[in-house]
Amino acid sequence: MGCVTSQEDKAAVERSKQIDKSLRMDGEKAAREVKLLLLGAGESGKSTIVKQMKIIHEKGYSQEECLQYNPVVYSNAIQSMIAIIKAMGQLKIQFGHPDRAEEARQFFALAGHADEGEMSQELSGIMKRLWKDVGVQECFSRSREYQLNDSAEYYLNALDRISAPGYIPTEQDVLRTRVKTTGIVETHFTFKDLHFKMFDVGGQRSERKKWIHCFEGVTAIIFIVAMSEYDLTLAEDQEMNRMMESMKLFDSICNNKWFTETSIILFLNKKDLFEEKIKKSPLTICFPEYTGANTYEEAAAYIQLQFENLNKKKDTKEIYSHFTCATDTNNVQFVFDAVTDVIIKNNLKDCGLF
């Protein structure tokens, strides 16, 4: 009888061990599954971060995939020139050369009939001459007074290259393309033994109602702010400062009851554009109370503090902040490596394994 009981006890102990082992394996598996939500206002750089994940953690863009971006590159370059020339009328800026006004009319006519995925030599020739005009350059230097794609200068400076026969976009060209994200774009990749699911959500106000069902079971939120937009207004609301809109959105995400346990990672993005802009456009445009110097270091630290101060649970919740340039692959790789280490540590802690 005692022998039978002993065998039953052994079996029960063995079963208990198996259950513990299974639970531990489930815990470890859960700790290796990471659901990342990319949030931020429109044009903050979320989609560029997703493209970088493909370059860094997958095989990058094949020649065929790069070729598919031809129409987007051409469209971005043409739309940038259209925006600048239209703004010249609004800002009452004259062309530096008398011939350019007629060429601007030709440009609009050619741009309106350009085949998608093609840029004729005639069109690119006119665009190159317009781009060199002192009036066009003056208008470009005042781009904070109207809506202009961040990549305008990059593409317009590269017109020789991008309009050449047989042009294939480089990965940097692809990274710089701008297409408004509508809906939710999901990306999967593996890094440091973790299985990532990254969700890029449209940032414009009209897209935000679609975020809600993505929130369940999120491991971390990467909130992206375009630092360089401190002196700009929203495309969808000309009265609203873009930085203020970002702060409002960050406040609602950071202090949301659903995200009490969620790691919040703050990417202060477009640091390269910010570093150039702060030399000529004071931070007081956005923060009238700012009394520091208009240097990159002081102004960037002030912006970081403004966002981190929105956190109402400083004693229990940490904001992990990083300065980023989403178009710089090395910078994104370095930052994402640090972010992943934080996620691993927090995941193991949540699963009782740390």
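Using the three backbone atoms N, Cα and C, a Cβ is placed for every residue, glycine included.
Swiss-Prot has this to say about the protein:
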type	residues	note
LIPID	G2	N-myristoyl glycine
LIPID	C3	S-palmitoyl cysteine
DOMAIN	32-354	domain 'G-alpha'
BINDING	40-47, 175-181, 200-204, 269-272, A326	GTP binding site
REGION	173-181	region 'G2 motif'
REGION	196-205	region 'G3 motif'
REGION	265-272	region 'G4 motif'
REGION	324-329	region 'G5 motif'
Checklist entry - How does the region 'G4 motif' (265-272) divide up by DSSP, counting helix, then strand, then coil residues? => result 2 helix, 5 strand, 1 coil
Next on the checklist: Six or more residues beyond either end and a Cβ under 8 Å away: which residues meet both conditions relative to the region 'G4 motif' (265-272)?
Outcome noted: 40, 44-45, 49, 150, 220-229, 250, 296, 300, 303-304, 307-308, 319-328, 335, 339, 342
Item to check | Counts by DSSP class (helix H/G/I, strand E/B, coil) across the region 'G5 motif' (324-329) | outcome: 1 helix, 0 strand, 5 coil
Item to check | The one of L175, V179, A326 whose CB sees the fewest other CB atoms within 10 Å, among these binding-site residues | outcome: V179
Checklist entry - According to DSSP, does V201 (GTP binding site) fall in a helix, a strand, or coil? => result strand
